[in-house]
Ligand SMILES: *Cc1c(COP(=O)(O)O)cnc(C)c1O
C-alpha cells in the first residue's frame with residue numbers, strides 16, 4: 001500500500017483515540033519498529049523515547065518475546081478461561097507471584113489498564129458487600145489517572161475532558177498527594193472521610209502519577225496514608241499500570257513502601273508491548289471474602305479474552321527479561337545517568353523544574369501552556385524533526401526510554417533535550 005492510499009483509508013474510516021479530527025494533523029504512518037526505533041513509511045527513523053506509552057520496555061520486536069509468542073502460536077491461541085485453564089497461565093502465575101510483593105496471592109486477568117482498575121474497584125465494593133457492609137465511596141489522589149472506562153474515569157482526578165460523563169460517575173472523594181508538609185492534614189482528612197465507614201477503597205499511583213505529567217512523590221508519606229486506610233478496613237489499590245515492571249527502578253513501585261497494597265493493577269509493560277493484557281492482583285484476605293458455598297458471593301466478572309494464552313506466554317518471557325542481569329543492570333545505569341543529568345537541566349534558563357525516578361525523567365519548562373495546545377504540538381514536532389518520539393504534556397517534557405537504551409543513545413537524548421532548551425531561550429525560538 002502506498003502512503004497516500006493508507007492515509008486516504010485512514011481518513012475515511014478510522015477514528016483515532018484522544019483526537020479532535022477536525023484540527024489534528026493526519027497521523028504518522030509507521031511501517032515497522034525494531035529495538036528502540038520506529039520507522040515511518042516515508043523512511044524516517046525515530047527513537048521511541050516513551051517506549052510507546054510505557055509498553056515496549058525491552059525494545060520493539062525483541063527476539064526473546066517474538067520467540068515466546070511464536071512457540072505458543074502453534075499450540076493454543078485462545079480458549080474460554082471460565083472453567084478451563086492452561087500451562088501459559090500457570091507458568092505466568094508462578095513467575096509473576098515470584099516478583100510481586102509477598103502479600104499478593106491471586107491474579108485476575110483482563111485486557112487493558114482501565115479494566116484492571118474497574119475490576120479492582122468492583123472487587124473492593126463486593127468484598128465489603130460480602131462481609132455485610134455497605135461501603136460505596138472510593139477515595140483517590142488529586143490528579144490521579146486510572147483509565148477511561150466509567151469506574152476508572154470516576155477515580156481519575158484529571159477530568160479535563162470528562163464533562164459529558166460526570167453525572168454518571170461513582171462516588172469518589174479526593175485527597176491531596178501526601179507530602180512532608182501536608183501529611184497531618186491529609187491524615188486528618190482521611191479520618192473525616194471515613195467516620196461513616198462508607199469508604200470501600202483507596203486507589204493511587206505509587207511514586208509517579210504518569211498522566212499528571214510524571215508528578216513524583218516520596219514513598220514514606222504515602223506509606224503512612226496506606227497504613228491509616230488499612231486500619232480503617234479500607235482496601236488499598238495500587239494502580240501500577242504505568243509504574244509496574246521496572247520503570248521506577250523497582251520491579252514495582254509498591255516495593256518502596258513498607259505497607260503493601262491489598263490489590264494491584266498491572267498492564268502496559270506486562271507483555272512488553274506485544275499483546276493487550278492486564279492483571280488485577282489481590283491478597284488472600286480479599287479472595288477469601290468471595291470463597292463460599294454460595295454462588296452469588298463469587299466474582300461474576302469476566303472478559304472474553306481473559307487469560308489469553310498468547311498474552312500469558314509473552315508476559316512470562318517478559319518477566320524473564322525483566323529479572324535478567326542485563327536488564328536490571330541497564331535499569332540502574334539509566335536511573336543513575338538521569339540523576340546526574342537533572343543537575344545540568346536544573347540550572348537552565350528555560351527550565352522550571354526537573355525530576356527523575358528510575359528510567360523516568362521529566363522537565364517542566366518555564367512557560368505556561370495548555371495540555372494539548374498548539375505550543376505543545378510545536379514542541380512535539382521539534383523532537384520528531386530531530387528523530388525523537390516523545391509526547392509532551394503541557395509544559396512537561398518527559399522520557400521513559402526502553403530498558404534496552406544504550407549509554408550512547410542516552411547521551412544523544414540528553415543532548416537533544418539540551419539543544420531544544422537552548423533554542424527555546426535563544427531568539428531563534430519560535431515557541432516563545
Ligand atoms: C494507562 C493507564 C491506565 C489505563 O490503561 P489503558 O490500557 O489505557 O486502559 C490506568 N492507569 C494508569 C496509571 C495508566 O498509566
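Glycine is treated like the rest: Cβ placed from N, Cα and C.
Where the annotation comes from TrEMBL, it is an automatic prediction and has not been curated.
Record features (TrEMBL):
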type: BINDING; residues: 53, 268, 302, 391; note: substrate binding site
type: BINDING; residues: 113, 114, 239, 303, 304; note: pyridoxal 5'-phosphate binding site
type: MOD_RES; residues: 268; note: N6-(pyridoxal phosphate)lysine
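Distribution of TrEMBL features across the structure.
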residue: 53; record: substrate binding site; Cβ within 10 Å: 15
residue: 113; record: pyridoxal 5'-phosphate binding site; Cβ within 10 Å: 27
residue: 114; record: pyridoxal 5'-phosphate binding site; Cβ within 10 Å: 22
residue: 239; record: pyridoxal 5'-phosphate binding site; Cβ within 10 Å: 33
residue: 268; record: substrate binding site; Cβ within 10 Å: 28
residue: 302; record: substrate binding site; Cβ within 10 Å: 15
residue: 303; record: pyridoxal 5'-phosphate binding site; Cβ within 10 Å: 17
residue: 304; record: pyridoxal 5'-phosphate binding site; Cβ within 10 Å: 10
residue: 391; record: substrate binding site; Cβ within 10 Å: 15
Which of the binding-site residues listed here (53, 268, 391) have a Cα atom within 10 Å of the Cα of residue 113 (pyridoxal 5'-phosphate binding site)?
268
For ligand 1, pick out the binding-site residues 53, 302, 303, 391 that have a CB under 6 angstroms away from one of its atoms.
none
So, in DSSP terms, is residue 53 (substrate binding site) helix, strand, or coil?
helix
Could you state the CA-to-CA distance between residue 391 (substrate binding site) and residue 304 (pyridoxal 5'-phosphate binding site) to the nearest Å?
32
Tell me the coarse DSSP state (helix, strand, coil) of residue 303 (pyridoxal 5'-phosphate binding site).
coil
When DSSP states are folded down to helix, strand and coil, where does residue 239 (pyridoxal 5'-phosphate binding site) land?
strand
Can you tell me how far the Cα of residue 302 (substrate binding site) sits from the Cα of residue 114 (pyridoxal 5'-phosphate binding site), in Å?
14
